[in-house]
Amino acid sequence: MSAAPSVFLIDDDRDLRKAMQQTLELAGFTVSSFASATEALAGLSADFAGIVISDIRMPGMDGLALFRKILALDPDLPMILVTGHGDIPMAVQAIQDGAYDFIAKPFAADRLVQSARRAEEKRRLVMENRSLRRAAEAASEGLPLIGQTPVMERLRQTLKHIADTDVDVLVAGETGSGKEVVATLLHQWSRRRTGNFVALNCGALPETVIESELFGHEPGAFTGAVKKRIGRIEHASGGTLFLDEIEAMPPATQVKMLRVLEAREITPLGTNLTRPVDIRVVAAAKVDLGDPAARGDFREDLYYRLNVVTLSIPPLRERRDDIPLLFSHFLARASERFGREVPAISAAMRAYLATHSWPGNVRELSHFAERVALGVEGNLGVPAAAPASSGATLPERLERYEADILKQALTAHCGDVKETLQALGIPRKTFYDKLQRHGINRADYVERAGPGRPNAISKT
C-alpha cells in the first residue's frame, strides 16, 4: 500500500489552520501544520515528496517570501497560496512566477481538496521521473542492458513503465540471456532500491534445504537446526526477491510460495506463527511455463499468480545486430579490468561474432570477450575440422570434432558444469563419460577464469 500524500500547511490563524488540516486529513492526506513559514521551511528539502499550502499574509516571513525560498529550493515543488480578496493580484503574479494555484478566502472544502489532489499528482509524477532518471543513470554505468534492436528498446521501455510498481514479474529467457540483469534493474529502478535485493537459484538447492532457505526456521525445527535462521523471503522484506530457475522449485515448496504471494506472509519451519513480509517477487524461468508440456509439475495456479507481467528476453541469435555493440562493451570492460590495451577486432573475429550461434547467449559472449582481452583466444574458439588429407576415417573425424565441441563449451563457460550441460543439452552422466573418453580435464578450463572471477570448480 502506498503512503498517504504529504502536505505542509502554513497559516498563523490557528482556527483556520485546524479546519484546513481536518479537511485534508479526511481527504486522505498526511498533514504537517505550522504557524510560521520559517518553521516549515526548516523541514523542507528538494526530496520532499509532498506539496505546500500557505497563507500569504503572516508575521515574519510571509507566504510570498516562502514561495521564493521554495522556488530556489526546488522549482518543481507545488505551492498553493491561500489569499484574502485584496491579495489576489499578488497571487496571480505568483502563479505567473511558478506557484501552482491560489485559493481566495472564503473557500469551500472541496476547492481546497481538489487543488491539493491535482498538485499532489503533479508532484508524484515529478518524483517518479526523477527516481527513474537517477536509477537509469546509475544502472547504465555498471549494469548494462545494451542493445539497439527494436526488441531490446521495447524491453527497456517496459522495464521503465513497470519498475516503480509493486507488481510481481516473470522473466523468461534462455540460459545466459540476462534474466538476473533484468531483475536487478527492476529493483534498482523501483522505490524499493534502498531495500535488499535477494537472489535464490531454485535449481541449485536440494528439496531438503530449499524450504529452510526460503522461509527460515526456528531452533529445533529439524535435526541440526540449532539456532533461529531468517529465510531469504523475510530478508528481502522491503526489497525484491529474485527466484531464478523457478521451474525447478519442488511441488511442496510451490504450494507455500503461492501462499506467500497471495497473503504476503510466511510461516517459518518449526512454528505456527505467521510473519508479514513486504516483498516484490521477480521469478525467472528458462522454459515456457505457459506450455503445459514444458511446465511439467510446475503448478498452473502459481504460474498464473506470477504471470501478472511477463518479460521475454530474446536469445542473442535473434538479435545479432546487437552482438558487435555488446562485444565492444565487454571487451573494453575486460581490458580495463585486466590492465590490458583493448585489442583490435579483426575481420576473422567479426565473422566469428556474426556466425557463431552463441548458445550461452550474453554470458558466453562476455566470457569470450574476457578471453580475447587476455590474448588466449587466438583461434577464436572455433573447432578445427580434421583436414581431408589427414587419412582419418569418418568415425575418427567425428570423435575429434566432438572433443573440440566439448572443449569449446567448457571454454565458453569457464568449466562451469551446470552452464556447460545446459549449453550442450546432454545429461550429466553422458557429459562425464565423454570427458573421460576424450581425455579432457575440466579443471584445465576452470583455471582459465580471469582475475576476480569466482572459481567455478565448486559448481558441480
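Cβ atoms here come from the backbone N, Cα and C positions, even for glycine.
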Which stretch, out of 318-331, 332-345, 360-373, is listed as region 'Inter-domain linker' by Swiss-Prot?
332-345
Identify the DNA-binding region range according to Swiss-Prot, selecting from 17-36, 157-176, 237-256, 417-436.
417-436
Under a criterion of Cβ-Cβ distance under 8 Å and sequence separation of at least 6, what residues of the same chain contact G173 (ATP binding site)?
K179, A284, K286, S312, I313, P314, P315, N361
Quick check: in three-state DSSP terms, what is T240 (ATP binding site)?
strand
What average pLDDT does the predicted model assign to the domain 'Sigma-54 factor interaction' (145-374)?
89
Using a 10 Å cut-off, grab the number of neighbouring Cβ atoms around the Cβ of G176 (ATP binding site), all chains included.
25
If H, G and I count as helix, E and B as strand, and all else as coil, what does DSSP give for K179 (ATP binding site)?
helix
